[in-house]
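Participant: Questions regarding the structure given below will be posed in turn.
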Amino acid sequence: MIKNYQEYKEAVEKLKRWAYAYYVLDNPEVPDEVYDKLYREVEEYEKAHPDQIDPTSPTQRIGAEPAKEFKKIKHLSKMWSMEDVFNQREMHEWLERVYKNAGRKDLQFYIEPKFDGASLNLIYENGLLKSAATRGDGEVGEDVTANAKTIPSIPLGIDYKGLIEIRGEVVIRKDDFEKLNHERALKGESTFANPRNAAAGSLRQLDPKVTAQRKLYFYPWDIGYNTLNFKYQHEKMDFVYQQGFIKPFKRAICENEEEIQQLYEEFSKERDKLPVMLDGMVVKVDEIALHEILGYTVKYPRWMVAYKFPAVEKMTRIIDIVPQVGRTGVITPVAILEPVEIEGVVVERATLHNYAEIERKDIRIGDMVIVIRSGDVIPEVTKVLTQYRTGKEKKVERPKVCPVCGQPVLDEGILIKCQNLSCPARVVNSIIYFASKQCLDISGLGEATVKLLYEKGLVKDVVDLFKLKKEDLLRLPGFAEKKAQNLIDATQSVKGVECWRFVNALGIEHIGEVASKKLCEKFGLDWYKAPKEKLYEIEGFGPEMVRSIEEFVEVNKEKIEKLIELLQPTEPKKEEEVENSPLAHKTVVLTGEMKLPRSKIKELLERAGAHVTNSVSHHTDYVFYGENPGSKFQKAQQLGVPLLPEEKMWELLKEAGIEA
């Protein structure tokens, strides 16, 4: 409990440091529960002492009442648009114009990613965030200050005390975009066409609490008004990052066209692997004195350009719309497309989410549509181009029976479900999910193998996986001695799996990884015996989740007990046992090759109470290393962080009562 103002200030600084490590460095220093506990203590102190609240306290991010409309804010200096180039020839022509107007060729160019989101202008005064506004017309934008304060990667306070504008892009990560669209589709709400629209729409919410739920990030790309004297663009950005903003994954200084093109190709290759959308890279003349010499057109500066990637959105035609049955019985319509290449990948199918979405967008077979693809995000139809209709397009009927088993479906309006638990599609997809990486992670049990096992009658249920015999597998096409033995070994190796992984693998509707952990922490392996009123005691469990558990257990109780007998899942360690672990509350880092996969070791360490992070800092307690350790080993040596071999890690885990 915080007793006085000094302790309060120390707690606020600690929260700010932890939040910076989590949201900006992507390297959490403490577990969520430690952060949450101190956050609540700070909140309580602020309620008792409202006159002492630090405006940069993380608690001040959310709290503003919903606005009736957005006010206007005039930018201190103009927010310019940017010229685009789309290929090497156009880039060459832009460079030639720059060289000609600058009167010299010995120039350097500062390169940074072009994030695909919503532009935002932040004004800081006396070290505090004074306002945040959208680009608007470049002169005047909309006041979204309350919303910007909910974005954790935007500092509420900076070290610099002068008046300054810091500009950047608000983005949503690809996986969060996919989840957001999925949730909206389930609720019957319109989905966002792409991550850029999702970021812009989330930033322009009248209620800041809605913005806070959208998991937005802010990447700075320039300084507007300022009284500082920078000589180079890269110095400007170094200054910005020193104030606590996120650095991009890559930035560089190039000296000629060849280096710029090489970097462009590197950006293109890494684009799909990144958590956020890029639509190109920005090339700026690094020497700021040249900016005024090169000047501006009516629309954009002549000293910078966006070197754009090929589009991730393409036009194509829907050939057919077919229904697919998932593991929970939900029937999802999928568009079969005329093949179209997007970023080097041929796209032939795209999700349509649900039949309510088809009706809302009036999607028909034969329509010309816009399709988006981004990295791991499933290709999606975002827009119907009705101007291309000929009158031959066909409307899509909502299915009355399951397309796989032929049984009548339950039509809930937004969702349509097959309720037949023995439906082949439901069974196969349940087994695929059960064996998947995020569940039991049974090696060698992919989609093709599961379908083969089901078609040959060897597996009709997840329980059958643990009854497989090598002689049966050897009769299957593609199975030789080694492959058959590997699959048997893989199914047996999951014995002793953690309770929460077992629960998560069952595929109970609305019960994911987080809820599975909470269930097991509260009830252990007896989770399925817990009465309804006890389930409601778990934080975050509402009627929908409780009903899902009840309905699942009612139908599958015998199967749950059989699987517990076969798998012998491990009970979660009690809090007092974790406290006695030599690894309790230790921040650790792994480097090098070890005898088990990194994900498995991370789980074991977390069960022992450790917090596993991705990079080494002064706050790291141990770095455990295996064969061929990487740069983290050298970083630990430089910082004086204890380096322990893999064998020592296993000793500490054993001491904590954790067996591999």
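Yeah, the Cβs are placed from backbone N, Cα and C, and that goes for glycine too.
A quick note: this is a predicted structure, and the numbers were derived from the prediction, not measured.
So Swiss-Prot says this about it:
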type     : residues                                                                                : note
ACT_SITE : Lys114                                                                                  : active site, N6-AMP-lysine intermediate
BINDING  : Asp32, Glu33, Val34, Tyr35, Asp36, Ser81, Met82, Glu112, Arg135, Glu169, Lys284, Lys308 : NAD(+) binding site
BINDING  : Cys402, Cys405, Cys418, Cys423                                                          : Zn(2+) binding site
DOMAIN   : 578-660                                                                                 : domain 'BRCT'
Participant: Can you list the residues of the same chain, besides Cys402, Cys405, Cys418, Cys423, whose Cβ falls within 8 Å of the Zn(2+) site's Cβ centroid?
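Facilitator: Everything else in range on the chain: Val325, Gly329, Val401, Pro403, Val404, Gly406, Gln407, Val409, Gln419, Asn420, Pro424, Ala425, Arg426.
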Participant: Averaged over the domain 'BRCT' (578-660), what pLDDT does the prediction give?
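Facilitator: Value for the domain 'BRCT' (578-660), mean pLDDT as a whole number: 87.
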Participant: Just to verify a number: CA distance, Cys418 (Zn(2+) binding site) to the residue listed as 'active site, N6-AMP-lysine intermediate', in angstrom, no decimals.
Facilitator: 44
Participant: Spatially, and counting Cα to Cα, which of the recorded positions is closest to Met82 (NAD(+) binding site)? Options: Lys114, Cys402, Cys405, Cys423.
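Facilitator: Answer for the nearest of the recorded positions: Lys114.
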Participant: I'd like the number of other C-beta atoms within 10 A of the C-beta of Met82 (NAD(+) binding site), please.
Facilitator: 16
Participant: Count the Cβ atoms, other than its own, that fall within 10 Å of the Cβ of Cys405 (Zn(2+) binding site), considering every protein chain shown.
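Facilitator: Result for Cys405 (Zn(2+) binding site): 15 other Cβ atoms within 10 Å.
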Participant: Can you tell me how far the Cα of Cys402 (Zn(2+) binding site) sits from the Cα of Arg135 (NAD(+) binding site), in Å?
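Facilitator: If we compare the Cα positions of Cys402 (Zn(2+) binding site) and Arg135 (NAD(+) binding site), the gap is 49 Å.
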Participant: Name the secondary structure element type, per DSSP in three states, that contains Lys284 (NAD(+) binding site).
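Facilitator: DSSP call for Lys284 (NAD(+) binding site): strand.
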Participant: Do me a favour and check the Cα-Cα span between Lys114 (active site, N6-AMP-lysine intermediate) and Val34 (NAD(+) binding site); whole Å is fine.
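Facilitator: With the alpha carbons as reference points, the distance is 35 Å.
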Participant: Drop a 10 Å sphere on every Cβ of the binding-site residues Val34, Cys402, Cys418, Cys423 and tell me which sphere holds the fewest other Cβ atoms.
Facilitator: Val34
Participant: Using DSSP, what's the helix, strand and coil tally for the domain 'BRCT' (578-660)?
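Facilitator: Per-class counts: 31 helix, 17 strand, 35 coil.
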Participant: Go through Lys114, Arg135, Lys284, the listed recorded positions, and name the one with the sparsest Cβ surroundings, counting other Cβ atoms within 10 Å.
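Facilitator: Comparing Cβ neighbour counts within 10 Å for the recorded positions Lys114, Arg135, Lys284 gives Arg135.
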Participant: DSSP three-state call for Lys114 (active site, N6-AMP-lysine intermediate): helix, strand or coil?
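Facilitator: Going by the DSSP assignment, Lys114 (active site, N6-AMP-lysine intermediate) falls within a strand, counted as strand.
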